[in-house]
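These come from TrEMBL:
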type	residues	note
REPEAT	44-78	repeat 'PPR'
REPEAT	248-282	repeat 'PPR'
REPEAT	349-383	repeat 'PPR'
REPEAT	450-484	repeat 'PPR'
REPEAT	485-519	repeat 'PPR'
REPEAT	520-554	repeat 'PPR'
REPEAT	621-655	repeat 'PPR'
REPEAT	656-686	repeat 'PPR'
REPEAT	759-793	repeat 'PPR'
Amino acid sequence: MASLPINPTINPHTLTLKPKSFVKFPQSHLITYQEDGRKEKLVNKSYYFKLLGSLCKEGQLEEAVDFLNEMEYQNMYVGPEFYGELLQGCVYERDLHLGQQIHAKIIKSGDCFAKNEYIETKLVIFYAKCYLFCVSNYLFCRLRKQNVFSWAAIIGLHCRMNLSKQALLKFIEMLENGILGDNFVLPNVLKACGALNFVEFGKCVHGHVWKLGFEGCVFVASSLIDMYGKCGVLDDARKVFDCMVERNVVAWNSIIVSYMQNGFNEEAIGVFYDMRTEAIEPTRVTLSSFLSASANLCALQEGKQGHAISIFSGLDLDNILGSSLINFYAKVGLVSDAELIFDRLIEKDVVTWNLLMSCYVQSGQTEKALNLSRLMRSKGFRFDSVTLSTILSASADLRDLKLGREGHCFCIRNNFENDIVVTSGIINMYAKCERIPDARRVFEYTMEKDLVLWNTLLAAYAEVGLSGESLRLFYQMQLYGLPQNAISWNSVILGFLRNGQINEAIDMFTQMKTVGLDPNTVTYTTLISGLSQNGHSSEALTYFKQLLQAGCRPNSASIVAALSASTNMASLHDGRAIHGHILRQKIPLSLPVATSLVDMYAKCGSLNCAKCIFELIPEKELALYNAMISGYALHGCVVEALSLFKHMLKGGVEPDSITFTSVLSACCHAGLVKEGLDVLYDMLSVYHHMKPSVEHYGCMITLLSRCGDLNETMQLIQSMPFEPDANVFESLLVACRELRETELEEHIANCLIKIEPDNSGHYVSLSNAYATTGRWDKVSKLRDFMKKKGLRKRPGCSWIQVGTEFHMFVSGDRWHPRTEEISTILDLLDREMQLTRFSFNNCEYQVIIP
């Protein structure tokens, strides 16, 4: 690097140079200090100034310094503007060392240089761009005249140092001093407003932009879009974008990023397509945002198009683009493609390693994630908080306490125990491994606890249903002066629901509104899912309607929970309404939503609709196949169920225990003993890792007993690797009753009473067995015993939905207002059925005996 020699001479504006070869001046432009040559001197000075500026802009600082030294060696007068231009070159290259040398030379050159307004401003800008906060501020405060350029430098420095509030205060001070903002100041001020989410302040700045006439500046307009996007005011961001006369790629990027960051991924993709029609070439930022939106929607085709565009545009696979591609392929489940991108990266950083590791954890390939972490260490990369959080998350998912403790020890050895992100991962790991006391101990030993850490422990208590502990911790947060956010309230509500405390959960939900905190989508989803799982499906649907009325956008989890509630109630009307909302709002038909729709339609009696939804999904997974096979089995379509099962196996999808339960249930409905035995045999011989459960044996026992093969049934029960449960005996009991095997029926009923002594149905079955053989004394004694124990047979119950009304019917109860009318219709139907059967029997008799 060239340097500026600083030696005191008679002429303070010239330098004594060490011998070296200098830049050769054109002979025709040598300056002669004569009275009659002033005009030529001015022309030559302008020429040399432009030449010096050109060298600085091209980053040739060493040549620029040599050039300046040669000028002084030729006794040419070098004014402050030359040093200012050289400082600007140091700004371009962020060359602090050379800039400091120039500063020293300026001071040595006297006050006419050091107190020159142009030089003073350039020095403030230089130190601000080099992030020397104290030096830049000191020089700024000493300025005799603080112009708009120095204010722009100091406000920009505050923004880059994340001192957004101070940046806004500086802007206010600037206005109070009578200096108006320009197209350099205003973008930095808008950036600070976006960082602080000060939308009202940002709107005032927007008014300032209009007043000064900068609305036509692409840079300022793009900053306005970015500010509104960060504040979540997307309508105003879109208005600014639509009013722009000229849009460059920065403006397009700003609106795409704004939509994506606020969860409006479909809109972000739509703007990207509009950008393509305008023939604007995308940058890495454009494609990264587009890929993130595609990843959030699991939009496979769109993401692949983005990848293809990046290749077609010739963009290098750097860390920015590569990270976005890895993230996209990870979220859509294409792990092999994510690996391929990772291998082809030009240069890998910690972020890319972490993304692939997280991809492995999300796809359940924990061993690969751990191997990758070892490879990462061997390549010389240090683990950061994200790496350690991913490893801890892997141990939490595996419930691997040993691995989690090893990760915890590594954190302590490498001074990560006070990192909030890592500590949250440790607490979550201990909670998932059901070591709540250890999680609490880690929490207590953490010196600085923020809201995230409190919420992590709160969620840990809630997940295991410790509602009392979570509520106590919730109130303890108030004592420590921490304001609870929506996540805190959601955890307490979840804790109550996990513990079956429905009323308490609803009370907490109501209190949340009274304190002025609006429930978000997660709050509603937690409540809807918890109510549905606790048998309160009607209330769950009510809260789903409230979610829509509140203007919240339902996510995949809330839609699945609402569809589950509709399925539990067998309410086709509500299920169709939810499906209609999905179609109207153009919500992507993700696999969980599609699976829930298939399950709902099948269980609510609309098998054709279930089949249509199933056929709409191009890339089917196991859960979707299970829902459709179960639907076929439920409707007795055994041929379709077995055919789909075979098709699934040919497609390379491996079945699980739910698949086999559905297939065996289908065989059971149709009485296909051979097919059922073949399926059970395949389960035992082909899929060794999958051992048949009680449910699978129960299906086979039901199948064999219904076909009248009680001996084979008893042999199967005896060969079971575990004790039969009540469901197995109940299936056998029904078959005994149909086959009039009274002794066996009595024996099974006694076994059931031993297994479930408080189940009144088993006593009734035993009583019926006694009555069949005429042992009325035992019937009487058994009835008396049931009365003493307070056991009553629960009456059968059914309901039907007509329009929006539910009509419930209980066996032996005549409370319904239209009972007489219903009974009359039933009598007519019964008589018609008897007449039909009589006519059929006569016809059959005439055919058999002419």
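Quick reminder: no glycine exception, Cβ is built from N, Cα and C everywhere.
Residue counts for the repeat 'PPR' (248-282) by DSSP state, with H, G and I taken as helix and E and B as strand, are 26 helix, 0 strand, 9 coil. Looking only at the repeat 'PPR' (349-383), the predicted model's pLDDT averages out at 87. Listed by sequence, the residues of this chain that lie at least six past the ends of the repeat 'PPR' (485-519) yet keep a Cβ under 8 A from its Cβ atoms are 451, 454-455, 458-459, 461-467, 469-471, 474, 477, 526-527, 529-531, 533-534, 536, 550, 552.
Each residue of the repeat 'PPR' (520-554) gets a DSSP state, and the totals for helix, strand and coil are 26 helix, 0 strand, 9 coil.
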